[in-house]
Every structure is written in structure tokens, then in C-alpha cells.
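To start, the structure itself, in C-alpha cells.
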Amino acid sequence: MGRKWTYCVVYTIIQIQFFRGVWEELFNVGDDVYALPGSDINLTCQTKEKNFLVQMQWSKVTDKNDMIALYHPQYGLYCGQEHACESQVAATETEKGVTNWTLYLRNISSALGGKYECIFTLYPEGIKTTVYNLIVEPYTQDEHNYTIEIETNRTLEIPCFQNTSSEIPPRFTFSWLVEKDGVEEVLFTHHHHVNNSTSFKGRIRLGGDYRLHLSPVQIQDDGRTFSCHLTVNPLKAWKMSTTVKVFAKPEILMTVENSTMDVLGERVFTCLLKNVFPKANITWFIDGRFLQGNEEGIYITNEEKNCSSGFWELKSVLTRMHSGPSQSNNMTAWCMALSPGPRNKMWNTSSQPITVSFDSVIAPTKHLPTVTGSTLGTQPFSDAGVSPTGYLATPSVTIVDENGLTPDATPQTSNSSMTTKDGNYLEASSGTDAKNSSRAAASSKSGSWPFPFTSPPEWHSLPGTSTGPQEPDSPVSWIPSEVHTSAPLDASLAPHDTIISTTTEFPNVLTTANGTTKIDHGPITSIIVNQPSDGMSWPVLVAALLFFCTLLFGLGVRKWYRYQNEIMERPPPFKPPPPPIKYTYIQEPIGCDLCCHEMEVL
């Protein structure tokens, strides 16, 4: 009897320990699991066996726990639904003694969403529970697009959270990306700078509230889209895209290419617009009047150049032809540029007005010389085959060949002509500019400059042009420089001759590039030349004065040189020797001091 009670006590103690371990429950809340509709997902929980595994099961948490599958080491698998257990769950054990209990969910839908419970019954640890929250939703991305307009060399600050209606959870990841021309780069990934591009080196940083700072803004930043990707969970993300538009305020410069009138009575104004972005429009004003395209005697050409720095450089050239005495002798011109700025602002940049005078322009003459690029000489007018579309000029004219012509080259224009109507203005045709057309019209089949000259012409090559001879079919542009010319009639004229113009009826002549002419009738002006009585021209006087001054300067230098030679060759002056120095020897007496009167003598 005593032995029986002993067994009962031992058995009771064992049962108490067993039920105490079973009743002790370890509850572990798992992470949220996100899945797209129609996808497959596996839910896995694991445990490390210490003493004894009683059983494990998967259940879906509803109003009551619906058992999905149950596993017992001795009895095997049991599934609550009429499906094969092998396709729903699997129990595996690794080499390290870890047991994995996996639930397979295939082609899931929103109805399968909810909480799933994994239960391990262990002895003596007790019950270990892990709960997974399965969220089945489609992928959504809340995207917002913004545009920021800014000037160059400014600081740009782009927020990541801008007008966000939903509350941002504490657990999220973000990244900054930049995209241009279809190429996307990563700048930052959750506080880590991962972009080493030279275009952003030293210009980009991350500020508070995950703001992106870009300083200074450059032209290359125009059109770039900076995106902040905020990932709340695998099925929901926010994207804030900001496109940058960059503007630059242009610099305007207006110049007059020729400070003196050329042979055809032209004035050329150049308006140069630098550091332009985006493109701008250049308009011209003459005497306060807005020019709308080409008008009578006025021609405008525009050029565009895209610099390597990204800026645009615009150039507008206005050519004014002084066609007759009816026009004003004075003209004030300036250019104005209208360029867009940030926030629908328009920048109005104007140049300084420039006033020029046409007092030196003479009306067209009856017989006009032909103009070529050869040397200048004296040639009388001919009565036929000459185009009357030239203009006389003052004796201070310079010709510069923009295409780098040498004095021996003959410029020609192809497919161009020039005609005069009523003797007042020029009309260009066949696609060449006004300047080349007027030169082509003033040239004939053979001839040279018919004016005597005091100095040979100076030919300049503009940057980017060759110094070789011009091709026969290439157009030629001319810019006046320094050459002395005058107009002969039946004899050569000096530059100081007085020219008086009169008007007569003479047929207009249309000269084409191939030398053919077409005659139209209209009033043409003729000239009368009066020789001055003194017969001395101002260039001779200037040369004489220069010669006289040079002679005086040479005589002065010669005299100074002779004086220096005389000083160098002259013997040194005699100086008598200095008188000899007398030394007085004073001997002190032995045994006594000097007397007072002797001391006074000394």
C-alpha cells in the first residue's frame, strides 16, 4: 500500500509539471505581410526544440479560430478542409534542430486577408504563438508633380513632403532621384549619398525634413526632374516630382561696325545678346519707331549660336542704306531684347541709343564706277554697261573683307542682283544679303576702283576666316575701313575736289552677277566737278609738316651728339696740389708739468 501511494505522488508531480508547461503561453506578434491580389505567398514560423514537441498547427483568426492544419509527431498531418495537406502546409527540420512550419497560400484574393496564427505546443516550455497579419491590396503610388522656376547662381530648395494629405508613419524609407532625357540617377538613399556625378559635385546636400538643397543653380539643371520617393509599405508609396526651369538675364551690347560711311552709303549696326537662356527676341528702334521686319533701305539679319556653357548668343545686324536726300541726315538707333523670366516675368533689356549722321552721303551719280577687290586706280566713267547703284563717299573710307580676301582677289556674288528705282533706294534679290547685293550691283564685268588713292588699302581678316583667295561662287561681305577715294569724270579727281550734283533723266541699269544688264528708265543724278584754285591738297600739307618736324628733330639729335663727343674728348681741368701740412712736435719736460702759459699756447 505504501508503494502504491509513492507511485501516485510521483505521477501527480509529473502531471502538474506537464500541465504547468502547457498552460504557460508565449505570444509573439509577427510583422505585417503585404501581398498583391493573385500572387502567391508563404507564411513560415519556426521553433528550436529543447525537450519535447507535442504538436503544431495553423489557424485563421476570425470570430472563432478556424483550424487550417495540425501536425502531431506520432499521428502526422490533419487538415480541416477537404484538400490535400501537402499542398497547404509543410513541416521541415534543419540540421541545427530548428523546425519550420510553413503555410502555403496560392492565388490569394482580398478574402484571404486577415490574421493567421501559428501555434507550437512544447514541453515543458508551453504554447508558443506567432500571429501574422496578411494585407492583400493593389499597389498604389500617390504622385504629385511641381515646377520650380529660378534664376542662375541661386540656391534651390526642394521639399520632399509637400501638400501631403495622409499622415506619414514613423517607419518608412525614402530616396532622392534625378531624371533628364530619360536617364535616371539616384542621389540619396535613406540618408546615404550614393551619387558621385561630377555635375552635382559640391552643389547638392540633404537638409532638414529630407529637403534637397542645390546651390548654385546652373544652366545644365534646366529640365531636370528631382523626385522624392517615400515608401510607406511595399504596397503604398508617395512620389514628389519637381521639374526645374532655369532662366538667365541676358547682357546686351550694341556697336557700329563702320565708323565712317562706305562707298554705298551704308550704316551697319550690330546688336549682340550674350548669356541668353532661354531664347530671346531682338527688336530694333530707329528714331523712336519700332521696325517690323525689313523696310525700304533697311535690312535685318539674325543669327543664333549655342555656346558650350549652355547659354545662347544672339546677334542681329541692321543695315541702313541712305538712298536719297529725302531721308533725314541724322538717325538714332537702338536695340531691345525681350526675354522670359521666372513666374511669367519678362525682362526688357535695352542698349544705349547711337546717333549717326549721313551728311557725307552724296546722291547717286549718272556715271558710277565699278567696284572689285583689286587694286585702286584712276579710270574714267564709261557711258554703257555700268550699274548706277553705287554711292559716292567722303575721302576717308576703309574696306575690310570679312572673308579674308587679298587685294588681288576679285569678289563676286552668285545669283544676286541690285536695281534702283526712281534713283532713291536699292532693291536686293535672289537670296543674298543687302550688303553683298549692293556690292554685286556696283560691279561690272571688268574694272577696278576708279579713284586715285594716297595710301594702299588695308585688308583685315575677321576671326575664323581664311586668308586665301575667295572662291568665285562664294558671297563676299564688306566692312568699310581706311582708304582715300574720289570720283573722276573724264579726268582723275583729287580728294579735295568739289562735287555738285544735278538730276537728269538716264536709264537705270540692272547688273547681274554674270555681267548681263537690264535697263529701266528713271531719273539719275549727274556730277559737275570744280577744281580748286590753289591746287594744293591737305595730304600734301600734312606730309610737308611731318617732313619739316622730322628734319628739326634730326638736327637737334645731331647737335646733342656732337656736344657729348666734345665733352668726352676735352682734357680734364688743372688742379694745383694742396699745400703741405705742418706738424708741430711738443716735448714734455722731464720731472715737471707744463706751465699754465705753455698750456694756453698749445
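Cβ atoms here come from the backbone N, Cα and C positions, even for glycine.
The annotation topological domain 'Extracellular' is assigned in Swiss-Prot to 22-536 on the grounds of sequence analysis.
Sequence-distant contacts (6 or more apart, same chain, Cβ under 8 Å) of Asn100 (N-linked glycosylation site) comprise Thr44, Cys45, Gln46, Ala90, Ala91, Thr92, Glu93, Thr94. Positions annotated as N-linked glycosylation site by Swiss-Prot, on the basis of sequence analysis: Asn100 (among others).
Long-range neighbours of Asn107 (N-linked glycosylation site) (same chain, six or more residues apart, CB within less than 8 Å of its CB): Gly38, Ser39, Asp40. The annotation N-linked glycosylation site is assigned in Swiss-Prot to Asn107 (among others).
Long-range C-beta contacts of Asn145 (N-linked glycosylation site), restricted to its own chain and to partners at least six residues apart, with a cutoff below 8 Å, comprise Ser241, Thr242, Thr243. Swiss-Prot lists Asn145 (among others) with the feature N-linked glycosylation site, giving sequence analysis as the kind of evidence.
In this structure, Asn195 (N-linked glycosylation site) belongs to neither helix nor strand by DSSP; it is coil. Listed in sequence order, the residues of the same chain lying 6 or more apart from Asn195 (N-linked glycosylation site) and placing their CB within less than 8 Å of its CB are Val178, Glu185, Val186, Leu187, Phe188, Ile204. What Swiss-Prot records for Asn195 (among others) is N-linked glycosylation site.
The annotation N-linked glycosylation site is assigned in Swiss-Prot to Asn196 (among others) on the grounds of sequence analysis. On its own chain, Asn196 (N-linked glycosylation site) has no residue at least 6 apart in sequence with a Cβ closer than 8 Å to its own Cβ.
What Swiss-Prot lists as N-linked glycosylation site is Asn281 (among others). DSSP assigns Asn281 (N-linked glycosylation site) to a strand in the three-state reduction.
Per Swiss-Prot, the feature N-linked glycosylation site maps to Asn306 (among others). In the three-state DSSP assignment, the secondary structure recorded for Asn306 (N-linked glycosylation site) is strand.
Under the heading N-linked glycosylation site, Swiss-Prot lists Asn330 (among others).
The N-linked glycosylation site feature in Swiss-Prot is assigned to Asn348 (among others); the stated evidence is sequence analysis. Close to Asn348 (N-linked glycosylation site) in the fold, though at least 6 residues off in sequence, lie Met336, Ala337, Leu338, each with a CB less than 8 Å from its CB.
Feature annotation from Swiss-Prot assigns region 'Disordered' to 402-478.
Residues annotated as compositional bias 'Polar residues' in Swiss-Prot: 409-433.
According to Swiss-Prot, the feature N-linked glycosylation site maps to Asn415 (among others), an assignment based on sequence analysis.
Sequence annotations record features per position, and here Swiss-Prot assigns compositional bias 'Low complexity' to 434-448.
Swiss-Prot lists Asn436 (among others) with the feature N-linked glycosylation site, giving sequence analysis as the kind of evidence.
The annotation N-linked glycosylation site is assigned in Swiss-Prot to Asn514 (among others) on the grounds of sequence analysis.
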Please list residues from the chain of Asn306 (N-linked glycosylation site) whose Cβ is under 8 angstroms from its Cβ, counting only those at least six apart in sequence.
Trp312, Glu313
Asn330 (N-linked glycosylation site) - helix vs strand vs coil (DSSP):
strand
Hey, what's the Cβ neighbour count for Asn330 (N-linked glycosylation site) at 10 Å?
11
How far is it from Asn281 (N-linked glycosylation site) to Asn330 (N-linked glycosylation site), counting Cα to Cα, in Å?
27
Surrounding CB atoms that lie within 10 Å of the CB of Asn281 (N-linked glycosylation site), all protein chains:
13
Determine the mean pLDDT over the topological domain 'Extracellular' (22-536), rounding to the nearest whole number.
68
